[in-house]
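Presented below is the structure to which this report refers.
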Amino acid sequence: VWSCAFSPDGKFLAVGLFNGDISIYDTATWKRIQVFQGHQFAVASLDYSPNGQQILSGSYDETARLWNSETGSTDIVLEGHSDRVTAVAFSPTGRQVATASDDKLVRLWDARTGAAVFVLTDNTGVVSSIAYSLDGNRIASTGRDGLIRIFDALTGLLVLESCKGSDWIKCLAYSPNGQRIATGSERGRLQLWEAAAITLGPGQEWTAHTNEITSIAFSPDDRWIASSSSDRTVKLWDSRSGLLISSFVSHTGYVNCVRISPNGSYIASASYDQTLRLWEVNSSSLGLDSYDLPDQQLCATYSPDGRQLITGSQRPMRQFNADSGDVDFVFPNHLHDIKRIAFSPDGLQIAIGSKNRGVTLWSVESRAAFVLRGHISFVGSVAFSPCSRWLASGGWSSKVRLWDTRSGAAGRVLNGHEGTVQSLEFSPDGCWIVSACLEGTISLWETGTWELKAKRTIDIGRYRYNVVAYIPGCLQIASCHGDGTIRLWD
């Protein structure tokens with residue numbers, strides 16, 4: 001999947017594919033309702049006309065096309081580029097369209113007749129991105145030479161040119177009010193420029209991705225900037241402060257395009273992993289990314305239904321409403337110095353590991369506490385089995401203990417760790433327990449026989465903190481270490 005674009009009313013999403021097809025989706029049902037065919041190769045860029053009646057597409061077959069968005073028929077084929085067309089854009093007036101190509105040219109066309117209006121020849125390298133100003137009187141271009149050029153769309157003359165940078169600018173976008181331009185570079189840098197200034201000087205800049213930024217888009221209210229990258233991520237940024245708001249990491253391949261819906265509710269991303277992904281953007285929940293709490297938070301967990309967030313610290317535990325951010329409940333005073341919290345999968349119990357040498361089982365319904373005793377020091381890891389019947393706990397004593405959550409009876413004790421048990425988890429099928437200890441050792445136990453089946457030690461130097469987790473729905477294990485590395489295990 002190479003490109004995508006929302007219709008102005010947000011009712012449709014056009015998606016450009018490697019094979020040259022353009023798929024149209026109804027955003028109310030997210031079902032494909034049409035397929036436009038005509039291009040011979042990848043559709044690299046898409047844009048809707050301001051009235052939504054046409055779609056403009058650019059392809060690696062060196063042509064651009066204007067389509068009737070209702071019937072899917074080709075209105076006009078725009079020919080003239082001698083290399084692949086990398087970017088297209090409709091003027092806000094709807095009367096002009098622009099195309100950019102690896103042939104180093106930007107061409108302006110009459111949207112009604114398809115006649116060539118201007119050829120902008122000032123670019124010295126391949127042109128990777130173009131964007132019209134809010135009033136449609138100017139058009140910005142950028143590319144391999146690291147420069148931003150702004151042209152008068154009515155005369156074709158060069159108006160402004162930025163100072164030369166050392167980095168290839170891969171993409172650019174005008175802000176909704178037309179006052180700023182955002183750019184993304186080959187080295188993962190995101191930068192803002194004042195578009196109304198007499199000269200284009202570099203503005204606020206930050207490292208946004210670990211690899212090239214392939215596409216950027218402003219939200220309709222100018223509040224956010226979305227970026228996509230070949231590092232397989234999509235990120236959402238505060239457009240004023242440059243702070244990271246959210247990071248979306250489900251793609252498994254190069255993410256080529258990102259767009260925000262006209263109402264600001266969705267982010268669409270197109271990737272070489274053959275998927276188009278939709279991410280919901282809820283402004284109210286994004287504002288709750290941080291809670292102003294009076295002390296250091298040591299651990300946190302969500303309830304299985306995602307409606308509550310439980311936090312543990314040196315003070316009593318708190319329960320938050322995950323939607324509003326309000327504190328719904330403060331746990332009793334004796335539940336403090338909490339090291340780890342876990343919700344049972346059935347949502348009926350909370351396991352609490354703390355410094356008091358015990359594990360507390362908390363009933364969500366009755367709010368009664370029951371202490372499981374057996375550890376000789378603090379408990380830093382707890383985990384429920386998928387059926388919620390069994391609880392595993394580990395800590396300073398270098399042992400993992402099993403408990404019956406219905407009766408509170410102690411079960412097996414798993415020996416063999418070489419230091420504090422910092423993390424543990426049951427497999428999704430309940431047949432295995434994985435644990436990690438301070439010395440960097442990961443152990444795998446079979447729950448039927450309670451035998452140690454595998455053991456691996458990782459040299460993580462002085463950064464001695466380890467976390468393990470099963471990937472949902474499979475038997476792969478992810479381990480995260482204090483040296484900043486993450487490993488996947490079969």
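From the backbone N, Cα and C atoms, a Cβ is placed for every residue, glycine too.
What TrEMBL lists as repeat 'WD' is 36-77 (among others). If one looks beyond the repeat 'WD' (36-77) by at least 6 residues along the same chain, the residues whose Cβ comes under 8 Å of a Cβ in the stretch are 2-9, 12, 14-24, 83-90, 92-94, 97, 99-101, 109, 111, 113-114.
For 78-119 (among others), the entry in TrEMBL reads repeat 'WD'. With DSSP states grouped into helix (H, G, I), strand (E, B) and coil, the repeat 'WD' (78-119) comes out at 0 helix, 22 strand, 20 coil.
Per TrEMBL, the feature repeat 'WD' maps to 120-161 (among others). In the predicted model, the repeat 'WD' (120-161) has a mean pLDDT of 92.
Look at TrEMBL and you will find 169-194 (among others) tagged as repeat 'WD'.
Sorting the repeat 'WD' (206-247) by DSSP state (H, G, I as helix; E, B as strand; all else coil) yields 0 helix, 23 strand, 19 coil. What TrEMBL lists as repeat 'WD' is 206-247 (among others).
Residues 1-10, 13, 15-16, 27, 30, 214-221, 223-224, 226-230, 232-236, 323-325 of the same chain lie 6+ residues outside the repeat 'WD' (248-289) yet bring a C-beta within less than 8 angstroms of a C-beta in it. Taken from TrEMBL, the feature repeat 'WD' covers 248-289 (among others).
Annotation source TrEMBL lists repeat 'WD' at 331-372 (among others). Nonlocal intrachain contacts for the repeat 'WD' (331-372), taken as residues 6+ away from its ends with a CB within less than 8 angstroms of a stretch CB, comprise 298-305, 310-319, 378-384, 386-388, 391, 393, 395, 403, 405, 408, 410.
Marked as repeat 'WD' by TrEMBL: 372-413 (among others).
For the repeat 'WD' (414-446), the residues of the chain that approach it from at least six positions outside its boundaries are 380-387, 390, 392-402, 452-460, 464-470, 472-475, 477, 479, 481, 489, judged by C-beta separation under 8 angstroms. TrEMBL lists 414-446 (among others) with the feature repeat 'WD'.
Taken from TrEMBL, the feature repeat 'WD' applies to 477-490 (among others).
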Response to the item:
Long-range CB partners for the repeat 'WD' (206-247) (under 8 A, at least six residues beyond its ends), listed in sequence order, are 168, 170-177, 180, 182-190, 192, 253-260, 262-264, 267, 269, 271, 273, 277, 279, 281, 283, 286, 289
